[in-house]
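**Student:** So that we are looking at the same thing, I have put the structure below in structure tokens.
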Amino acid sequence: MSKVYELVSEYQPSGDQPTAIKQLLEGLDAGLAHQTLLGVTGSGKTFTLANVIAQAQRPAILLAPNKTLAAQLYGEMKSFFPNNAVEYFVSYYDYYQPEAYVPTTDTFIEKDASVNAHIEQMRLSATKALLERKDAIIVASVSAIYGLGDPESYLQMMLHLRRGDVIDQRDMLRRLAELQYSRNDVAFERGQFRVRGEVIDIFPAESDQDAVRVEMFDDEVDCISVFDPLTGVVKQRDLPRYTIYPKTHYVTPRDRILEAIESIKVELEVRKKQLLENNKLIEEQRISQRTQFDIEMMNELGFCSGIENYSRYLSGRSEGEPPPTLFDYLPHDGLLIIDESHVTVPQIGAMYKGDRSRKETLVEFGFRLPSALDNRPLKFEEFESLAPQTIFVSATPGNYELEKSAGEIADQVVRPTGLLDPILEVRPVATQVDDLLSEIRIRAAKEERVLVTTLTKRMAEDLTEYLHEHDVRVRYLHSDIDTVERVEIIRDLRLGEFDVLVGINLLREGLDMPEVSLVAILDADKEGFLRSERSLIQTIGRAARNIEGKAILYADNITKSMKKAMDETNRRREKQQAYNEKMGITPQALKRNIKDIMELGDITKSKRQRNTKQVPLSKVAEPSQTYEVMSPQQLEKEISRLEAAMYQHAQDLEFELAAEKRDEIEKLRAQFIANS
């Protein structure tokens, strides 16, 4: 059998990786429903998973706990499988305010959302890859458990074009309109089509680089070509066939919509009767008015605002049945890999309950029909029943994963680089701040970085202020900072803009930096969420990528959580040392390129190919001395160019590069004022 998954890497599995790969593959072959990969920070878990996918030759969905981690994982998988369909599936909302009602103040909040068109295209591309190709790898966030269009309706709505087909041009344009494509003969954009005589150009919704040209000869499809929508250059000509996918996952055939409308009318009458019997006259009038308006819109346009609330009827499902999700698109032999499972699994369980309470209020007060409750994410039990063979991945697996895996745990403790887990020390709380200050000075002198985690926001602020007063270059990472700023702060820490980062919950994944040689945990003996065994292990692991890695736990007592965390860290360290001695390995310091700290994948490969070669981070613009001799007009032009590049990087989720461009723009603006 020819291999469809082709792993491309200059590295070979080493350390604990070969054993973990072998164990996971044997478990898959044996039909095990659940396995766990216990992989420490920096042990190459992603490379292990890539090897498992390549050797198993099976499509996979990789679930990550947030968009940032999903994008990192996507970038890594894209580099390991450049010739396969690695796709990205996360929530496409830049901003989302769900429909809600607050009874105490009689306030109704309309649904409001801002959709990221680029991520919407990637979602469509992901489902297309699952339907068309045998080599799909989908990196997704927990939004994958939310309702998606029914695969059967989606497949029914496709427009199949074949050379030689006889089809009236008007019929083709009507079919495109049914797929929710709009006609635009002026500005040709994704999800649109244009008509020029007997030539119809279609920009597929799932593509960011190719458009399709259909040339007609009277009522016959004469030629199908693929061309670049930007330059007009034809890439492929005389294709025998081409399939146009719907613009959205939520398209529904006309006959299904008409059936749904009849069912909605029946439910409306039942609901109105219930409300009148309970003397809820306002609610009865409200539900009648809102539903009748939606029915009119669906009759005339084929959709309405909030059409997802009628998904039970549109997908033909019974009351209480799980909604169609991304898992319905996954082939029967697919794999599910849950990254950072100690965070992701609880998220999956929490989604349904939060959504349900909001919708029950809307139903009770007549804003929605009871069937709207079936527009929901999967319940945890439904997720369990739908999930294919699953591999949990974490440095600190939760009780659920350990219980489900029933001892099938692949231990990946030894790092290929030979790096050891940090040395642990426990010091008294009474002198923790002064002791920390002296430790920081030692690290700063060696140009190393320090992470400090506190228990409260107040303490973090006070400590930051204290360190600042003592001439320590320090920053404070708090919950109000968004993803982009967070990436920027991490980059600045690695670049040496400051030496110490203080925070409350610094165990969030993605904070792995080789420059960090010390992690200080203040008040480590205060039992609780932030000082649990898993939290402590995760926090200690932030120093695991440095050859001089050390963790200091400030505590007056050794709690159960501390003891377990210290025992586990020491167990790992002993195993790593024994392996290094046996194999004659000398630990090597990681020298990870700064620009790669949050490299979120080559998300728009085509755009990169069209652009000039990637500019190194240190040379994102010309040297400042060149700007000094520029005229104001030249500076203005250069600022515009950099702004365009900055927005492009932000759209492509390359926050690192966007931040660099922004810094350069600020310098230019200062120079512009000076030169004016």
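All residue numbers here begin at 1 and follow the chain in the order shown.
Note: Cβ is positioned from N, Cα and C throughout, glycine not excepted.
Because the structure is a prediction, the values reported are computed rather than measured.
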**Student:** Out of 20-43, 44-67, 92-115, 428-451, which range is noted as motif 'Beta-hairpin' by Swiss-Prot?
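**Tutor:** Residues 92-115 are the ones Swiss-Prot records as motif 'Beta-hairpin'.
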**Student:** Applying a 10 Å Cβ distance cut-off over all chains shown, what neighbour count does Lys45 (ATP binding site) have?
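**Tutor:** A count of 22.
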**Student:** List nothing but the one residue from Gly39, Gly42, Gly44 whose Cβ has the fewest other Cβ atoms within 10 Å; the candidates are the binding-site residues.
**Tutor:** Gly42
**Student:** Once the DSSP letters are reduced so that anything not helix or strand counts as coil, what is Gly39 (ATP binding site)?
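**Tutor:** Its secondary structure by DSSP: strand.
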**Student:** Tell me, what is the mean pLDDT of the domain 'Helicase C-terminal' (432-598)?
**Tutor:** 87
**Student:** Relative to the Cβ position of Ser43 (ATP binding site), how many further Cβ atoms are located within 10 Å?
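**Tutor:** Counting Cβ neighbours of Ser43 (ATP binding site) within 10 Å gives 27.
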**Student:** Enter the number of other CB atoms within 10 angstroms of the CB of Thr41 (ATP binding site).
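**Tutor:** That number is 22.
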**Student:** If I restrict to non-local contacts, at least six residues apart, and a C-beta distance under 8 angstroms, what lies near Thr46 (ATP binding site) in its own chain?
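**Tutor:** The answer is Leu73, Glu76, Met77, Phe80.
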